[in-house]
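Copied from Swiss-Prot, the annotated features are:
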- Asp199: active site, nucleophile (ACT_SITE)
- Glu255: active site, proton donor (ACT_SITE)
- Asp332: site 'Transition state stabilizer' (SITE)
Amino acid sequence: MTEWWKKAVVYQIYPRSFYDTNGDGIGDLRGIMDKLDYLKTLGIDCIWISPVYDSPQDDNGYDIRDYRKIDKMFGTNEDMDRLLDEAHARGIKIVMDLVVNHTSDEHAWFVESRKSKDNPYRDFYFWKDPKPDGTPPNNWGSMFSGSAWEYDETTGQYYLHYFSKKQPDLNWENEKVRKEIYDMMKFWMDKGVDGWRMDVIGSISKFLDFPDYELPEGQKYGIGKYHANGPRLHAFIQEMNREVLSKYDCMTVGEAIGSDVEIARKYTGPDRHELNMIFNFEHMDVDTKPGSPAGKWALKPFDLVELKQILSRWQYELADTGWNALYFENHDQARVVSRWGNDTTYRAECAKAFATILHGLKGTPFIYQGEEIGMVNADLELEEYDDIEIRNAYQELVMENQIMSKDEFLTAVRKKGRDNARTPMQWDGSFNAGFTTGTPWLKVNSRYSEINVAKALQEPDSIFYYYQSLIKLRHSYDVFTDGRYELLMPDHPHLYVYTRENESEKLLVAANLSENTVSFDQPDDNWKLLLGNYEDTGTSTLFRPYEAAIYYLEK
């Protein structure tokens, strides 16, 4: 087996927002096929496609009704086969989303499971009796607000759902469940799928005594340590590796909620035979006020020193065992220029600066669609958001418990809401940004005439071509893959500076992640400037707002 993923740059596609070829307002698989040459021009090696399986779309496809069938909204199984062929013909690999913590409540297994207590599929899911007073079995909360338990009148029991009530959690303790999942994985990998991004994989093992959380007064439900990293998690993943993954030359990345560096080592240490890498969430919480009942919606100002500390800890701790998945954006996170940077005056410089920092790190970088043209957060009104997380949080935090005012909540959503990343891809300056000839499923960002692919391809100094250059550098110099990381100037409030070094090469990566001009000592003449985001980068002892550079030294 090769470790092709160590040199790869991955591009995430959220299909419903990527490109629509049939005018129904929803992106589709043929839309991805139509844009493969664009992605080849960008230079990426691999595409991760968010779920396209048959689904009622309660949580935009993360509620799966049939794992082996493509949803007609996106196309057909034949379209998927053709997409694999077309991508592979261009040297691009395809990774699919593996959503196996839960299914849809419309999946055949759950339809059977809820019929009776002695149904053969009953223990494919978690069913529990109510407490004597009729309330849920414990005080676990759903990630989408409310209780993690839903009462079902047919049998008088509750079923467990960490997400929406239409997403019942699978019982991984049941060997039949695991075999069904492994068979499904082989079905897709035998068609040519090159790997998996594993949705909330850290939650598949449950604490089977279902202990209550200790909660502060006034709080009804808890979300925390019992929602992830259960006792058999690593045994399950090792079994999956043994039964399926080890038989294919594939890439695996796990979404590991609640993981620290120690847990990451367990997932990704080569001798553990589990996954190649995981997405951690620690760095994405630098703008979240800890311990607030408002959760992710409790904002605090972006703190670069804290971001450097977190990213550096993950770089140091996984240096010799394991691997980092590098990202600032995905379908669950807002646009980085709007969230942590400047999306107006310095939008281009800012987008390039954050890209420089991320792509210089050790690990596999993930680019989310639109990130390569500097797309910005949505400018929607509350009623225009589609996301179930936003709608449920508004109900709980504003309407029911008055934890936030409507204005406070809208401010937080405009900063961090998932729909900021889900507005349609901006292809050109025409109506609906060239995404669809119909009515888009989510409103197109109003700045599409200023920010779009066609414009970016015409401008030699665009964000797109900067990303293209970064990807070429990662492919050209081994030090990007294997160089040891060292953080410099850890306490500087505006500069992020680090080195990467192997036996024969050294990089110096520097970025001013602020709107201030700051002093920065250029390295001596032995260093070569590989890339900078101002025309004359490297000629002054000052770093202008969001200025960034990568320098190279051959030892």
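Any Cβ shown, glycine's included, is placed from N, Cα and C.
Note: Asp332 (site 'Transition state stabilizer') has non-local neighbours Arg418, Ala421, i.e. same-chain residues 6+ apart with C-beta under 8 A of its own C-beta. Neighbour density at the Cβ, taken as the number of other Cβ atoms within 10 Å, is lowest among the active-site residues Asp199, Glu255 for Asp199. The residue listed as 'active site, nucleophile' sits 5 Å from Glu255 (active site, proton donor), taking the C-alpha atoms as the reference points.
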